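Encoded as structure tokens, the structure appears first; notes follow it.
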Amino acid sequence: MTPPAAWLNAWKIFHWICLSAAAIGALFLLLHSVTFHRLKRRMADLLLSGIALADLGFVVFEALKQLAHTSYFARYRREDEGEDIEAYSTKDFILTLMARFSFFMSFYWIANLSLLMRLGNMEALQVRRSLLVSTLASLVYGCMHAVLPTLWSDDSSSANVAYIVTAMLLFVMQATPLLTILTNLRAVRRSRLNASIQGRNVIRRLTGYCVCAMVFTLPYALVLVMFQNLVAVGVVTETINFIVPIANALLFGTSLSCCCCCGVGAEANPGLPTHEVKIVDVDTPSSSVDGSTGALTDGGTPGSTGYAGFAAGGVLSIRDGLLAGGPIAEMVTEGPAMKIGEGSSAEVYKGQWLGITVALKCLRLQAAGGSEAELYMTHLAELRTEFLDEAVLAAQLRHPNITLFIKMGTYRGSLCLVNEYCSRGSLRDVLHANPLIEWHTKVRLAFEAAKGLAFMHNREPIYLHRDLKASNILVTADWTAKIADFGIARIATDFTAKKQHISRKFSGEQSLLSLQSIAESDVIMDNAASELMTTFAGTWRWNAPEIMKNPNECRFNRETDMYSFGVALWELLTNGAVPFGNVDFDHQVRQLVAAGERPAMPTTAYLRRAPSEFVEVMCACWHQEPKKRPTAQDVMLRLGSLSYTLSQGSEFYTTSQNTARFVFSDNYYQAMDSGQSCLSLW
């Protein structure tokens with residue numbers, strides 16, 4: 001039965017609405033991913049930009065096909081009106097080829113996204129080869145699709161056989177990426193990535209994409225194989241193809257699928273040992289915070305902040321940041337906290353809590369309305385995830401020369417990290433405030449920072465700071481240096497030196513410990529060595545030359561940390577000067593460092609009196625060749641020996657206060673080498 005003309009007109013409107021929505025979705029995903037790539041410099045956002053471009057190309061060429069009357073809908077309309085079908089032209093061939101080329105490129109790279117999760121290594125994915133293969137495969141797919149109308153118009157038996165074979169091959173090619181995604185997701189669900197909220201969030205996004213792709217694209221492929229005579233069925237399946245770019249925008253460009261990241265009732269992975277604790281606020285509801293007194297509670301923050309359900313009766317894994325020994329009824333600051341610093345995404349307050357002075361690092365909340373609200377909430381969710389990661393990592397590190405992470409909570413409606421307070425501020429502040437500080441004190445501070453770094457680098461798994469500089473080394477009231485700010489610090493696993501030991505503790509994929517998913521970008525571990533493959537992190541002027549050469553695919557390791565530590569030693573040498581202070585732009589610094597240039601040596605008489613061994617250690621740390629840089633433990637030993645020598649000759653040396661800092665006890669080495677750290681916060 002021929003449908004009424006009104007139905008065809010209504011379907012035509014629906015057809016163009018789907019096309020328009022798909023174009024808007026692709027543009028949104030493109031703008032979203034490009035914006036966050038500029039902010040975060042993450043490879044995942046760059047990959048999503050490519051997927052969005054492919055979706056946009058698919059929609060544009062499909063729209064041109066509609067205008068050129070090459071689509072199923074145009075064919076059906078002509079048959080309904082009794083008109084002759086126009087001959088298949090070269091223009092129609094090119095439009096079909098390009099539309100299906102873009103369609104398959106999007107499929108292929110989302111499959112690569114799932115493969116990246118499974119491999120855990122950008123290098124193993126071989127991006128350049130994958131780009132070449134995807135281009136060739138998409139070109140073949142597009143050509144085969146474009147040939148089908150020509151084969152269909154030929155009534156010969158050989159053409160019919162060729163049509164069926166080609167259509168079946170197209171169906172297999174289209175189903176292969178979906179099967180690849182399902183296979184990779186099955187493997188990832190059995191890995192340690194499934195033990196984290198971020199990992200489960202990405203798994204659900206890719207699963208949602210796979211379901212949408214199966215429902216909205218495979219019927220069209222089946223029509224080409226089995227029901228090519230049913231043009232009406234082809235019209236329907238052709239239209240629902242356009243829902244896939246919309247689904248991509250919703251899944252990868254919004255927080256709609258991220259609700260599982262805030263909702264904390266996720267199921268545990270039965271194959272992994274988990275340590276889950278339930279955080280509840282005994283006295284105060286999760287949505288009420290007393291701003292006048294500065295109440296600091298265990299509860300969740302108000303829904304307006306994007307953290308609703310963070311801890312209000314929820315269950316979270318110990319690896320996801322809630323590492324409390326149990327509920328605490330009262331966490332109220334004794335009087336209002338004083339703001340002592342701020343950054344691009346956080347503010348730091350000084351306050352009194354339970355009789356001790358603490359530093360509250362609070363996530364900054366900004367008002368956003370209109371079209372910016374959705375983008376801001378997505379960015380806020382990512383910042384929240386970074387806070388959780390920082391809490392997880394900081395809670396694993398217990399050492400006298402690493403700032404003590406006490407707890408995670410909320411303060412005045414904002415998620416915050418509670419850390420010990422270092423009254424003298426950063427090492428850079430100390431150097432600026434005390435320009436004539438004695439060299440024995442400078443060397444001792446460097447030695448203590450090296451002890452903290454050696455502890456991080458000698459753990460199992462290895463901890464990398466990735467942003468070492470004088471402003472991230474704090475000094476306490478008794479002049480003890482402590483490494484701080486683990487916002488971008490990450491974990492790597494040493495498979496070369498500790499392979500046998502690790503194999504006894506973990507099995508298979510459980511040895512790959514990941515704290516960051518693909519949506520946060522960016523930490524991907526190398527299976528062969530103690531390194532992290534990710535996009536740029538840290539501060540340009542403190543990063544190693546090997547990082548400067550390729551910021552989009554950086555290989556962070558202990559050697560890159562040691563380079564940054566060498567620049568921090570240069571800050572000690574120059575009383576807190578900025579590296580390459582005479583160079584205006586960071587890209588110029590990148591070129592200089594990659595070419596072997598280093599910050600200029602000081603010229604003042606006082607600074608020229610620096611111990612020669614200190615300068616030698618500094619130069620060794622920032623050697624151009626990573627393999628020639630000393631380890632943190634070597635630097636610790638050399639600076640410790642130098643510090644002891646200088647302190648013996650200083651009239652300001654106080655034995656009772658400092659002797660313990662220069663004694664290398666067997667117990668200390670045993671504690672450092674064991675890599676053990678107290679997981680309890682109390």
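Each residue, glycine too, has its Cβ placed from N, Cα and C.
Annotation source TrEMBL lists ATP binding site at LYS361. Among the features that TrEMBL reports, domain 'Protein kinase' is placed at 334-653. According to TrEMBL, the feature transmembrane segment maps to 13-34, 46-64, 93-111, 131-148, 160-185, 206-227.
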Practice task
Report, as a single number, how many Cβ atoms besides its own are within 10 Å of the Cβ of LYS361 (ATP binding site).
Solution key: 25
Problem - Beyond the flanks of the transmembrane segment (160-185) by at least 6 residues, Cβ under 8 Å - result: 104, 107-108, 110-111, 114-115, 117-118, 137, 140-141, 144-145, 147-148, 151-152, 154, 203, 206-207, 209-210, 213-214, 217-218, 221-222, 224-225, 228
Exercise for the section: Using DSSP with the three-state reduction, classify LYS361 (ATP binding site) as helix, strand or coil. Expected result: strand
Handout entry: Predicted model, mean pLDDT over the domain 'Protein kinase' (334-653)
Key = 75
